[in-house]
Amino acid sequence: MAKIGFIGLGNMGGPMAKNLAKAGHALKVFDLAPAAVAALVEAGATKAASASDAAKDVEFVVTMLPAGEHVRSVYLGEGGLLSVAAKGTVFIDSSTIDVPSARETIAAAEKAGMMMIDAPVSGGVGGAEAGTLTFMAGGTVDAFEKAKPLLEIMGKNIFHAGAAGNGQVAKVCNNMILGISMIGVSEAFVLGEKLGLDAQTLFDISSTASGQCWSMTSYCPVPGPVPASPANRNYKPGFSAAMMLKDLRLAQDASKTARTPTPLGAQAAQLYALMEAAGEENLDFSGVIKLIRGEI
Ligand code: NAD
């Protein structure tokens, strides 16, 4: 049984922390939202008085926070996690954040005599609840190996993507593919529809031909062909357009830093930003088909 601090008990962090508690680990938890803490206490965790309190007298700390600014403010500076935790503590940041914040925080942790990996996830709330998330981790082999047994409780596919920050790089690159491919599939289905080709027929052909991709066969943006896709429940997420927009903006920031053009990534970000401007950012990201159809 390990002693674990867990900070950030939202839609993702809540169920991830519950799975660690269920596996018999001793959890000390903190969130700014008292209701989120209460739910974990009910699941057997101990309430910490603050984020830094959650990092005292523990072997591991997991953080699942909204963005880079939250991670920096929780870890760095006076009273931050790195100023109070014991040397040798292993930090796992599973938030999706910008690459420079991840690399800077991990460097600061190592300087303070601690270990840290960035380990963003894919798989959504369903994956967090079921303990089947995919983890993409960056950091030293040593830190990764120490963190792995905990990642294996919260997830199913665990990848070491290389040096510090590479987990975030893998995450933004993957989600840029996803955001772009969903728009491509949506455009094709709307064009087919307009030309008199029904969606099921296009699906039957394309899903076994060269247009096949995950956005079509696992998450089809039209109702019918893939019963589990959000299109069958009025685009209730799933993975919201707001979340997709966040990740595409991170990809755009990374593309500027790396001076590497990603023109389709930029265009995709603009289309999801139009969904946001129309007040539809809480639809699933596959609802981008409604924008293409002119329904938003
Ligand atoms: P969320 O907003 O539901 O949860 C974030 C939690 O962090 C909130 O409970 C908030 O109160 C807490 N928090 C914020 N600042 C804090 C602080 N200083 N100290 C303590 N707690 C603080 O978000 P989420 O959906 O759980 O997402 C968390 C991260 O996971 C994000 O980076 C997101 O991009 C990523 N992610 C989300 C999904 C998804 O489907 N929701 C999927 C993959 C990755």
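Even glycines carry a Cβ here, placed using N, Cα and C.
Residues or ranges marked as domain '6-phosphogluconate dehydrogenase NADP-binding' by TrEMBL: 3-162. Residues annotated as domain '3-hydroxyisobutyrate dehydrogenase-like NAD-binding' in TrEMBL: 165-292. Taken from TrEMBL, the feature active site covers LYS171.
In sequence order, THR96, PRO120, SER122, MET136, ASP247 make up the list of same-chain residues 6 or more apart from LYS171 (active site) whose Cβ falls under 8 Å from its Cβ.
Across the domain '3-hydroxyisobutyrate dehydrogenase-like NAD-binding' (165-292), DSSP helix (H, G, I), strand (E, B) and coil residues number 85 helix, 2 strand, 41 coil.
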